[in-house]
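**Q** I have a structure here, written as structure tokens, and I will follow up with some questions on it.
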């Protein structure tokens, strides 16, 4: 199914997606998101045809801070994206790929005859979509060795004169012209995992023309309390009676192994106890690097039903809207109001997020068509019984790991019915 237009909060029709049992239990969580590398060279470029584009200098865009060093963690991360399986999974996600293609065609008037940069191009599919939409030139940037295959794909489709594959980090590669459009599929699990958004910010600050287009234009991360007795019974209660043998001595270890880290799984709207809370709204035209270092929010939910509370689910949506609707180019205030984290949308509990421009939306919510992102679940070691209308409140902090900024530290405080708890975990 294509992305939903009009409104988005993840509460639409539900479909079942097939995943391996390993993925359903979080063990099959695949790395996905950023694609960068230390190397800096151009692949398959005709020098006489493109040399003119490497002599243009824009002083304003050149005044940038030195790029962050490429660490061993980064190199290992880029290496993981050289495997075809990750790209196959992403391309076969029809919700993702069809929505991106629809967004490109919807914004064809911004792309046709213009210069585009694809940040983290992978196999080059989005770059080729942009070329098919009439782009004058597309810079396809990827740090992983998958860029070698992307270049061959470009040549096989007779697009080598339009699509220039650059093998390197967007922080390191050089092009001497501004771009009209930046497109990137940067979203990781829980939206911010893997920190690829930082590369989009760098590309924006280095090369995007004033009034240029960024696809997607903004993103929103949501959270909500969930009940999931089947999951808990399968992983934990199972040990109480195994072929008639009391194995309850395994319970504590089972809880730690099953729920110590966040799990990437598919749930449905029936698992969600309340309307979602906005953890973070990202405006791709204005967000800065330091905003990614730590995201904090306070939340307060009112349960819609009596049920055991097993944890919290996180999901996101991204919106593809033209540059005229971004705060950078249009000072008209949003219809949404509220304050938290210095952002007008953060901290709001919403039934539906206002979408006055009928923009195309890609959603990973529980009741939307499933995607390879699924949902991210933080389970409690022990469930809490909640009554209908009972308050569930607390705070959440997501921060980049000091050891490896692609990892995410999660500090969750929650209380209900007079009981308070803290859950800390790392998404790695």
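Easy rule for this one: first residue shown is 1, then count along the chain.
For all residues, glycine too, the Cβ spot is worked out from N, Cα and C.
In case it helps, TrEMBL gives these features for our protein:
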{"type": "COMPBIAS", "residues": "1-19", "note": "compositional bias 'Low complexity'"}
{"type": "REGION", "residues": "1-51", "note": "region 'Disordered'"}
{"type": "COMPBIAS", "residues": "27-41", "note": "compositional bias 'Basic residues'"}
{"type": "DOMAIN", "residues": "218-322", "note": "domain 'Protein arginine N-methyltransferase'"}
{"type": "DOMAIN", "residues": "358-416", "note": "domain 'Protein arginine N-methyltransferase'"}
**Q** Please work out the helix, strand and coil residue numbers for the domain 'Protein arginine N-methyltransferase' (358-416) from the DSSP assignment.
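**A** DSSP composition of the domain 'Protein arginine N-methyltransferase' (358-416): 0 helix, 35 strand, 24 coil.
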**Q** What is the average pLDDT across the domain 'Protein arginine N-methyltransferase' (218-322)?
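**A** Taking every residue in the domain 'Protein arginine N-methyltransferase' (218-322) and averaging pLDDT yields 97.
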**Q** Which residue counts does DSSP yield for the domain 'Protein arginine N-methyltransferase' (218-322) in the helix, strand and coil classes, in that order?
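**A** Each residue of the domain 'Protein arginine N-methyltransferase' (218-322) counted once, the result is 30 helix, 45 strand, 30 coil.
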